[in-house]
Amino acid sequence: MVKLTNPPKSPKELGFDEFPSIGIIGGSGLYDPGIFENAVEVQIHTPYGLPSDNVIVGRVAGRVVAFLPRHGRGHKYPPHKIPYRANIYSLYMLGVRSIVAVSAVGSLRPDYAPGDFVVPDQFVDMTKGREYTFYDGPRTCHIQIGLEPFTQEIRQILIETAKKYNRTHDGGCYVCIEGPRFSTKAESRIWREVFGCDIIGMTLVPEINLARELGMCYGLIALVTDYDIWVPHQPVTAEAVEKMMTEKLGIIKKVIAEAVPKLPAELPKCSETLKYACV
């Protein structure tokens, strides 16, 4: 195991000839992608504490890639307790500049069925008490990601790849709730009928905010596991979520393994997020 308290000065400290420019964040059920060659575990102490688990660094189709399980192996952290800042900063310290995240979500519309993939293009934040920014002062920055919160180039690669293996929807609005409880019927009706959202989850925010604050590109492939609570006699349960993730895990790994080598290492439009953001 490699232990770090500062960004590595050379990729040789990790046992590779280049830094991992691509990062994968695994969601519920995806604690080890099982697609790496020459994998090494890296324990990273960040200014924001330890991430949810050690970062795994290895090669995928020749590219050096980093992987971090969002909840930690064994699902140690519920959504509202995930160390989001440490997670994102640990990947940034290793050289990651583009992130592909995987999440389980509920569907808020009938045509986004359990078992489908969704590659969202917008989100609504309904979380309440998380650490949302790296800029708590004395420097203040207001990032503008509203037009394209999810990086289009990453989205397109995920969509094209996922469609080969599974029914996949291009676009959708993800409403992120605080959790860890699921929605009430009244809340679910608001997300669907008032907000016009398409999928619901608990982990996108502040993960996406933090990545974009550091100039990182970000894309998400979401697996629909349930219909939230709005379909009669089909209320969501943790058991149902876990069961669907287990059924689709092999396909998710195939999509990641095929998509990752095609991803851009870095895009100027992502790194320029802070260009006019700080006051």
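Including glycine, each Cβ sits where the backbone N, Cα and C put it.
Per Swiss-Prot, the feature phosphate binding site maps to Ser28, Arg70, His71, Ser103, Ala104, Thr203; the stated evidence is sequence analysis. Residues annotated as substrate binding site in Swiss-Prot, with sequence analysis given as evidence: Met202, Asp226, Tyr227, Asp228. What Swiss-Prot lists as site 'Important for substrate specificity' is Ser183, Ala238.
The structure, with features from Swiss-Prot marked on it.
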{"residue": "Arg70", "record": "phosphate binding site", "DSSP (3 states)": "coil"}
{"residue": "Ser103", "record": "phosphate binding site", "DSSP (3 states)": "strand"}
{"residue": "Ser183", "record": "site 'Important for substrate specificity'", "DSSP (3 states)": "coil"}
{"residue": "Met202", "record": "substrate binding site", "DSSP (3 states)": "coil"}
{"residue": "Asp226", "record": "substrate binding site", "DSSP (3 states)": "strand"}
{"residue": "Ala238", "record": "site 'Important for substrate specificity'", "DSSP (3 states)": "helix"}
Let me check the 10 A CB neighbour count of Thr203 (phosphate binding site). How many other CB atoms are there?
27
If you measure Ser183 (site 'Important for substrate specificity') to Arg70 (phosphate binding site) at Cα, how many Å is it?
22
Over all shown protein chains, what is the count of other CB atoms within 10 A of the CB belonging to Ala104 (phosphate binding site)?
22
I'm trying to understand the geometry here, so how far is the Cα atom of Thr203 (phosphate binding site) from the Cα atom of Asp228 (substrate binding site), in Å to the nearest whole number?
15
Among the recorded positions Met202, Ala238, whose Cβ has the fewest other Cβ atoms within 10 Å?
Ala238
For the binding-site residues listed here, Arg70, His71, which shows the highest count of neighbouring CB atoms within 10 A?
Arg70
Rounded to an integer, what is the Cα-Cα distance in Å between His71 (phosphate binding site) and Ala238 (site 'Important for substrate specificity')?
14
Taking the Cβ of Tyr227 (substrate binding site) as the centre, count every other Cβ atom within 10 Å, in any protein chain shown.
22
Integer Å distance between the CA atoms belonging to Ala238 (site 'Important for substrate specificity') and Ser103 (phosphate binding site):
14
Which whole-number value in Å describes the distance between the Cα atoms of Asp226 (substrate binding site) and Ala104 (phosphate binding site)?
9
